[in-house]
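Student: The structure follows.
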Amino acid sequence: MKFEAIAVEKIPLIHEGDNLPSIICEKIGLQDRDIMIIASTIVAKAEGEIFRLEDITPGEEALEIAARTGKDPRFIQAVLSKSREVFVETPFMLVTTLAGHTCVNAGIDESNIENGFLLYPPENPDASALKIGKELEKLSGKKLSIIITDTNGRAFKIGQTGVAIGIYNIKPVKRWIGEKDLFGKVLEITEQAIADELAGAANLLMGEGAGGIPVVIIRGLDYYCEGDTSIKESYRPENMDVIKQGLRCLRNKK
C-alpha cells in the first residue's frame, strides 16, 4: 500500500476575487478521489480577508487587555472580532474562533502577506471547502475531497504542524471503536485524526516562508465520503474537553 503527496507548483500570488479552482485546474490534472490540501492563506486572500491595523478601532475589552499585556490594542481587537472565547491573553492570545477552531491569535496571519497588511482566516472554512470542492469537481469531472489547512503549535511540544480547519467530502475522524487489534482485543476508544494527519503530511511539502507551496494533492488513499461533513465533528464536546475546563479555571481565578 502506498500514496503520493504531489505539490501543485507555480500557483501565482492570490488576490481578492481570484478563482482558486480554475487556477488549480490550470496547473495540474486531477484524478477521482484525489484529496486536495489547500492552505487557508490563499483561501482567505481570495475571499478578501485582508485588513490593516490602522483601520481597526479597539473597543473597551481590547483596551483593557492591552493595558494588562502591553500588546497593540488594535491587534487585540482584530483577534476579539473573530473569537467566541479567550482562554489566554499573554504571551499570546489563545482563543476559540467563531468557526469553533481553538488556536493562537484567532489564526490571524502576518506572514505571506504584503507589508502593512494582515490576514484573517476564512470566515467559514467548511463552507469555503464546499464551494471550492464543488467547483473543482465541476471543472475536472472528478470526485474530490478538500481539506483547508492552517499551521498550529502543539501544547506540549515545540514546533508547528498542519491541521485541518475546513473539509469537504471527507470525514475528519476515523473511529476504530469495535474493531479488533492484532491480538483480538476489541478497541474501545481509538479514534484516528485522518484530516489532521493528511494536513500534516501535506505540510511537509507546503513548507513555510517564501518557498511555500499552497496546494498539495494526496493521491492513492480513499477517504472520499459524500454527504454532509464538517471539521466540527473532530472538536471535543464541551463536557469532555478537560483542557478548556482547566484553562477556564485558571482564567477565572485571576
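Using N, Cα and C of the backbone, Cβ positions are placed for all residues, glycine too.
Below are the features I grabbed from Swiss-Prot:
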BINDING   11-14, 40-41, K45, N112, 206-213  GTP binding site
BINDING   D109, D150  divalent metal cation 1 binding site
BINDING   T151, E208  divalent metal cation 2 binding site
Student: Do you know offhand how many angstrom separate D109 (divalent metal cation 1 binding site) and S40 (GTP binding site) by C-alpha?
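Tutor: Just about 10 Å between their Cα atoms.
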Student: Please determine which of the binding-site residues listed here (L13, D109) has the lowest count of neighbouring CB atoms within 10 Å.
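Tutor: Checked L13, D109; of these binding-site residues, fewest Cβ neighbours within 10 Å: L13.
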Student: Mind telling me which of the binding-site residues I11, M206 has the densest Cβ neighbourhood, counting other Cβ atoms within 10 Å?
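Tutor: Max Cβ neighbours within 10 Å, all protein chains included: M206.
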Student: Within 10 Å of the Cβ of S40 (GTP binding site), how many other Cβ atoms are there?
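Tutor: If we count other Cβ atoms within 10 Å of S40 (GTP binding site), we arrive at 27.
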Student: Need the DSSP three-state call for L13 (GTP binding site) to compare against my parser.
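Tutor: Note: L13 (GTP binding site) is coil by DSSP, not helix or strand.
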Student: Quick one: give me the count of other CB atoms within 10 A of the CB of K45 (GTP binding site).
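Tutor: Looking across every protein chain shown, the total is 26.
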Student: Which one is it: of the binding-site residues D150, T151, G212, which Cβ has the fewest other Cβ atoms within 10 Å in this structure?
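Tutor: Fewest other Cβ atoms within 10 Å, among the binding-site residues D150, T151, G212, is found for G212.
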Student: Calculate the distance in Å between the alpha carbons (Cα) of G212 (GTP binding site) and D150 (divalent metal cation 1 binding site), and round it to a whole number.
Tutor: 13
